[in-house]
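Let me begin by presenting the structure, written as structure tokens, before commenting on it.
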Amino acid sequence: MAEPWRDVLRDAGAVREAAAVAVDAALLAGGLMRAGEQPRASAVVNYAPFTLLPSAVPRALFEQAYAVQQDFNLLVDAISQNKEFLQQTLASTIKVDDFTAQLFGIYKQVLEEGLAQTVFLGINRSDYMFDCGVDGSAALKQIEINTIAASFGGLTSRTADVHRLVLKVLGKTKEASRLLPNNPSQGLALGIAKAWELYGSQSAVVMFLVEEVQRNIFDQRCVELELWNRNIRVIRKRFRDVFEKGSLDGSRRLYIDGQEVAVVYYREGYVPQTYDQQNWEARLLLERSRAVKCPDIATQLAGTKKVQQELSRPGTLEKLLPGHPEAVARVRATFAGLYSLDEGEEGDRIAATAIADPERFVLKPQREGGGNNLYGEELRQVLEKVKDSPERTSYILMDKIKPQPTMNYLLRAHSPLQVSECISELGIFGVYVRQGQEMVLNEAAGHLLRTKATEHADGGVAAGVAVLDTPYLV
């Protein structure tokens, strides 16, 4: 892949000057996070970490990722409506993974009672890396699709302007003009606003369901501000508030503190640590309600790693997207090798292959939020331990993607300015709204590029590993 900034990287003085400008520009633009020492208040903030220079991304792969996003929106929605597929696919996982089993239990309970919800809102982010073949050519390969709390659509809206200024400071005005505009927070808010409108109550609110500790609050505020600008009222609540103050009326309308809730936008609820008994009860109350959940529990299950692995089996996509052969081909072209570790001959063979050659693979548990995957020696040790136990079915195995590293500076508060060997991951935000069986909105809503030093195998921006970036198309 082309390295457009080679000359800049050799000029230490220019780099120091540009970095000072970049940090101030990021603060000025609102690319902010709460500081680690005071994560519950906005009295102390710092800039969200980012690259000094935008990273080169192959234009053809960038366009491919955008072109397939509406297909992925349709696919996620189709999975969420297919009870038989979810039941069969997750049957082995729910026996050994308590968290997925709890989610599935609520899913079944809500279906048995009958869905009160008639409008469905999906906000997802499909993440990719650029796999470098032996001949040096790059291919777009999907890492995962996030169907709950897909973050950084707000802060990444601020990053391109910072990089545009940095390039100008470095005398690269022409290159600066080539950076694409990008505002996912606007697209995400458009989907939430459409769902709110179709819910049909002007006085009802949008509820952001948020964590107890919210370091990444400004990312959420970007979306929130877009909704306020449309005169849509937003409240922020935690599971604890739902448990203590939430209720359903006879029509299963959801009320919190006496306010009717039209849309529940989850920025929480994707890791087991979130849930105690009270929070599980709160989740059930939300799922039973008529409110539009983003995501509803079926859509959260559609984002599990086990579902991702099952989609790669021959014939599965054709069953889920009948009559859409072009969409099936576009989706399948992005898949890396994915393998089941279910009990039986196939799982035995795959486990043995990975133990013998762990550097070829990534071992993935059914978890969101980054920092959960296993590589190399750690992968081998875990598989050795669980290879003869049903516990291995709580994981899937994926071919390790090998991108071409590039050099960049990763700007972090209180960290020295030094050049790093880096790899990048491209995410495309997707938004869809379905009313009954009619798809009323289906769009790609913007992109997110995250970059990290090659010494880190796993982890995103919130985990303190990756930093925000902007694609420079080559």
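Please read every residue number as a count from 1 along the shown chain.
From the backbone N, Cα and C atoms, a Cβ is placed for every residue, glycine too.
Feature annotation from TrEMBL assigns substrate binding site to Arg125, 148-151, 214-216, Gln220, 267-270, Arg450, 461-462.
Annotated ATP binding site per TrEMBL: Glu144, Lys305, 364-373, Tyr375, 398-401, Glu425, Lys452, Asp458, in sequence order. Cβ neighbours within 10 Å of Lys400 (ATP binding site), excluding its own Cβ and spanning all shown chains: 19.
In the shown protein chains, 18 other C-beta atoms lie within 10 A of the C-beta of Glu368 (ATP binding site). As annotated by TrEMBL, Mg(2+) binding site applies to Glu144, Asn146, Glu368.
Summarising the annotation, TrEMBL assigns domain 'Glutathione synthase substrate-binding' to 204-302.
Note: the Cα of Asn146 (Mg(2+) binding site) and the Cα of Arg125 (substrate binding site) are spaced 5 Å from each other. Between the CA atoms of Ala149 (substrate binding site) and Glu368 (ATP binding site) there is a gap of 9 Å.
In this view, the densest Cβ surroundings among the binding-site residues Tyr270, Tyr375 belong to Tyr270, judged by other Cβ atoms lying within 10 Å. Considering other CB atoms within 10 Å as the measure, the emptiest surroundings among the binding-site residues Arg125, Arg215, Lys452 are those of Arg215.
Non-local contacts of Gln220 (substrate binding site) by the CB criterion (under 8 A, 6+ apart in sequence, same chain) comprise Gly154, Phe208, Val210, Gln214, Arg267.
If you take the CA of Arg125 (substrate binding site) and look 10 A around it, the binding-site residues you hit from Glu144, Pro365, Glu368, Tyr375, Lys400 are Glu144. The domain 'Glutathione synthase substrate-binding' (204-302) scores a mean pLDDT of 97 in the predicted structure.
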